[in-house]
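Each remark here refers to the structure printed beneath this line.
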Amino acid sequence: MTLVPPLALPSHCSRPSLVAQLGSTFRLFSLALCGSLYGALLGSILVYSIADFLGRKRELIIAAVLYALGALTTAYAPGLGVLLVGRLLYGLGIGLAMHGAPLYIAETCPSQIRGTLISLKELFIVLGILLGYFVGSFQINAVGGWRYMYGLSAPLALLMGIGMWSLPPSPRWLLLRAVQGKGSLQEYKEQAISALGKLRRRPPGDKLSERQIEDTLVSLKSSYTDEKSEGSFLEVFQGPNLKAFIIGGGLVLFQQITGQPSVLYYAGPILQSAGFSAAADATRVSVVIGVFKLVMTWIAVAKVDDLGRRPLLIGGVCGIALSLLLLSAYYKILGGFPLVAVSALLLYVGCYQISFGPISWLMVSEIFPLRTRGRGISLAVLTNFGSNAIVTFAFSPLKELLGAENIFLLFAAIAFLAVLFIVRTVPETKGLSLEEIESKILK
């Protein structure tokens with residue numbers, strides 16, 4: 001589900017070739033590449049109202065179709081306008097998948113391994129980025145090589161769609177539709193039992209599946225009344241739902257405003273100062289950084305259900321703050337020691353991959369009550385992409401105004417605020433079922 005999006009991120013080394021082929025300027029080219037961000041923002045807005053109608057399975061199938069259409073449109077684009085359309089389509093797919101993937105995983109997996117499975121989402125995102133870098137390293141000097149890099153996403157999107165088609169719907173989504181009065185309660189209940197049995201590889205009529213579905217149904221019914229089967233538009237901002245949004249939305253906001261979209265902007269200059277100057281060198285070093293990100297993400301995946309969410313978040317974000325202070329010091333007083341900057345860059349990347357990278361989306365996927373989970377996660381996705389866009393577009397003016405050393409100092413201060421937010425606000429959800437999180441933490 002999440003290997004596909006990063007594959008459409010082109011290596012920076014392909015940009016001159018792409019600009020030359022399409023007869024455009026770097027400014028217009030950059031605008032076209034941002035089309036995926038605009039599409040993702042639009043997709044996260046759309047799913048707010050249609051997510052519970054579509055269901056998690058259909059949402060991800062539609063995302064796969066949008067991925068394939070976007071990748072093929074971009075790969076065969078004869079001009080900048082078509083390229084922008086392709087990027088918008090692809091971005092719509094990202095918006096839907098970033099919403100639907102954590103939802104489906106959280107609602108279908110056992111609580112004992114929920115952290116591991118949802119964190120694998122980030123692992124496959126990193127794997128997709130790494131694969132994109134790897135393909136880019138072979139296409140640097142090829143005429144039209146960027147078309148192969150974009151087009152590679154299409155067959156993987158097809159595999160994603162086929163894979164989702166073969167899976168059952170989310171049992172919890174089926175029960176949600178039943179309680180909302182969208183069909184026969186008994187029929188939806190039987191479908192949920194069947195879906196859970198398939199997911200757990202149990203025989204038809206399995207009593208354990210029936211008991212688990214019955215327990216979930218009882219918990220869900222308690223949060224609904226006959227007069228108000230579907231919540232209002234503002235329900236996400238009321239009571240326990242508001243508490244969940246503060247936790248989930250706060251994490252993805254801090255994920256972006258601690259510099260995630262911008263720190264790697266300096267990776268090129270930092271690596272050049274360490275002796276990597278050629279485009280080919282820079283691209284191959286990007287592959288090495290990608291491998292490092294993959295290793296650190298795997299550590300988080302392996303340990304999240306043992307250590308818990310809070311230790312990884314607190315330790316990782318403290319490391320992020322330290323790395324940002326080191327980068328600030330490098331640009332202010334340690335300019336003659338490029339290894340300090342390289343070490344700080346790697347520290348930032350590593351700490352991000354064991355904290356904000358996987359854990360933010362894990363918390364978002366499990367903290368919202370089922371009644372508002374679809375809408376709550378869509379708002380979290382919107383917060384993520386919206387803050388990403390703001391940081392990205394504000395970065396250049398801030399760089400001119402403050403200078404690199406003060407930008408990193410600002411990001412470090414925000415990172416320390418993020419640590420305080422996590423310590424005071426973010427609960428530990430390790431080992432709890434989604435219903436237990438709703439009843440014990442949010443009440």
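Cβ coordinates come from backbone N, Cα and C, glycine included.
Taken from TrEMBL as is:
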type	residues	note
DOMAIN	1-430	domain 'Major facilitator superfamily (MFS) profile'
TRANSMEM	28-48	transmembrane segment
TRANSMEM	60-82	transmembrane segment
TRANSMEM	88-106	transmembrane segment
TRANSMEM	118-136	transmembrane segment
TRANSMEM	148-167	transmembrane segment
TRANSMEM	312-331	transmembrane segment
TRANSMEM	337-364	transmembrane segment
TRANSMEM	376-395	transmembrane segment
TRANSMEM	407-426	transmembrane segment
Range from 88-106, 148-167, 312-331, 337-364, 376-395 with most C-beta pairs under 8 A to the transmembrane segment (118-136): 337-364
Ranked first among 60-82, 312-331, 376-395 for CB pairs under 8 angstroms with the transmembrane segment (148-167): 60-82
Arithmetic mean of per-residue pLDDT over the domain 'Major facilitator superfamily (MFS) profile' (1-430): 84
Range from 60-82, 88-106, 312-331, 376-395 with the greatest count of C-beta pairs under 8 A to the transmembrane segment (407-426): 312-331
